[in-house]
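To start, the structure itself, in structure tokens.
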């Protein structure tokens with residue numbers, strides 16, 4: 001009987017720890033509810049005519065931030081190899 005009580009207590013402690021971890025991860029992944037109401041997917045912050053996520057760019061042309069997948073993401077121009085001698089630069093999250 002004592003073993004059963006100990007196992008029950010350990011399993012309850014594990015469930016509680018998992019719930020705390022999931023709550024913490026949810027807070028990290030999502031911005032505050034006020035930000036979610038104001039921003040919509042695709043909204044950007046930056047100078048007029050700045051490039052959005054996954055658009056070809058040169059250095060300094062990307063928007064500062066774009067709201068994607070429920071979070072503000074800072075953007076930067078990243079160059080990816082598209083061939084042996086060539087590369088393609090696109091705006092990606094930092």
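A Cβ is built for glycine as well, from the same backbone N, Cα and C atoms used for every other residue.
The feature signal peptide is assigned by Swiss-Prot to 1-17. The disulfide bond annotation in Swiss-Prot covers 50-63, 57-77, 62-91, 79-89 and is backed by experimental evidence. Positions annotated as site 'Interacts with insect Nav channel' by Swiss-Prot, on the basis of experimental evidence: 58, 70, 78, 81, 85, 86, 93.
It is 62 that, of the disulfide-bonded residues 50, 62, 79, 91, has its Cβ surrounded by the most other Cβ atoms within 10 Å. Other Cβ atoms within 10 Å of the Cβ of residue 63 (disulfide bond) number 21 in total over all chains. Comparing C-alpha positions, residue 58 (site 'Interacts with insect Nav channel') sits nearest to 77 among the recorded positions 50, 77, 85, 91. Cβ contacts within 10 Å of residue 58 (site 'Interacts with insect Nav channel'), excluding its own Cβ and spanning all protein chains shown: 9. A 10 Å cutoff on Cβ-Cβ distances gives residue 81 (site 'Interacts with insect Nav channel') a total of 9 other Cβ atoms nearby, all chains included. Fewest Cβ neighbours within 10 Å among the recorded sites 70, 85: that distinction goes to 85.
Nearest in space to residue 81 (site 'Interacts with insect Nav channel'), taking C-alpha to C-alpha distance over the disulfide-bonded residues 50, 62, 89, is 89. Residue 78 (site 'Interacts with insect Nav channel') has 93 nearby among the recorded positions 50, 70, 93, counting only those with a Cα within 10 angstroms of its own Cα. Within 10 Å of residue 89 (disulfide bond), counting CA to CA, the recorded positions 50, 57, 63, 70, 77 contribute 57, 77. Taking all protein chains in view, 7 other C-beta atoms sit within 10 angstroms of the C-beta of residue 86 (site 'Interacts with insect Nav channel').
Within 10 Å of its Cβ, the residue among the disulfide-bonded residues 57, 89 with the fewest other Cβ atoms is 89.
Take the Cα of residue 85 (site 'Interacts with insect Nav channel') and measure to each of the recorded positions 50, 57, 70, 91, 93: the nearest one is 57.
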